[in-house]
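Beneath this line is the structure, given in structure tokens, with notes to follow.
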Amino acid sequence: MANQIATKVARSFIKGHATALEPRDPLYETSLHPQTGKRKRIQRVLPPGLSKHDEKILKKIRSRAHYLDKGFSICGFRFGWTFLIGFIPVVGDAADAALSYFLVIRPASKCNLPAVLIQRMLFNQILATSVGLIPIIGDILMAIWKVNSRNAALFEDFITLSAKHAMDASQPNAVTPSETAALVENSTRTAYIDGISGDREAPANLQNPIQSTSAGPSQPTSVPENTGAKKIRKPSQGWFKLKK
């Protein structure tokens with residue numbers, strides 16, 4: 001009985017506080033079917049207009065960031081390999097930094113990102129590594145902040161906006177420096193990358209804000225990720241062969 005009560009209290013706290021600080025899941029979103037009312041997790045579709053090269057890189061980064069940050073779940077709180085590896089003193093934090101750089105930041109840099117975007121991603125990683133050096137508490141904070149998911153979201157937002165410009169003749173051929181700066185600024189806001197709903201509010205300082213990075217055939221209405229959604233178990237197609 002005591003264990004059940006403790007589990008309920010922990011789950012309530014996590015849903016009410018910790019998840020409000022998390023970035024969206026880079027690989028999955030939770031949807032509500034309009035007819036049946038059933039909730040399920042579905043894989044995010046790719047944004048329209050991306051080149052084959054960018055699509056390939058985005059798929060890799062989405063999968064890697066998901067398993068590094070959200071591959072496991074306890075009491076409704078999702079964490080990944082970086083959290084577990086980070087418990088190894090010093091060596092674990094160094095390994096986490098290497099994984100984040102070589103599996104997320106370095107592949108993203110191959111998509112002609114502006115320097116300010118790469119600098120922000122590197123800053124996020126340096127901050128995560130520094131805080132992670134604090135025993136126990138630092139690892140927990142970084143498990144909530146999820147640096148890989150944040151960098152993946154920032155990368156996806158940029159290439160999505162770039163593809164939108166390429167498809168719209170009325171838009172400039174490339175993302176402007178002011179739009180890039182706006183993406184970097186908005187990526188730091190909790191409400192912009194919202195871990196509860198998985199959605200983002202429209203950035204006020206972008207002329208053409210990105211409401212969603214998903215596109216394609218109409219999908220069921222998105223709802224909060226952490227509201228008892230049923231999990232659909234499918235074989236992983238990422239480089240981690242794990243269940244979600």
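Note: Cβ is positioned from N, Cα and C throughout, glycine not excepted.
Since this is a predicted model, take the numbers as computed values, not measurements.
Annotation comment: TrEMBL describes 205-225 as compositional bias 'Polar residues'.
For 201-244, the entry in TrEMBL reads region 'Disordered'.
Through the fold, the transmembrane segment (79-105) approaches residues 61, 64-73, 118, 121-122, 125, 128-129, 132-133, 135, 138-139, 142-143, 147-148, 151-152, 155, 240 of its own chain, all at least 6 residues removed from its boundaries and within a Cβ separation under 8 Å. The transmembrane segment annotation in TrEMBL covers 79-105 (among others).
Under the heading transmembrane segment, TrEMBL lists 126-145 (among others). Outside the transmembrane segment (126-145) by six or more residues, the chain places 18, 21-22, 69, 77, 79-80, 82-83, 86-87, 89-90, 93-94, 96-97, 100 with a CB less than 8 A from a CB of the stretch.
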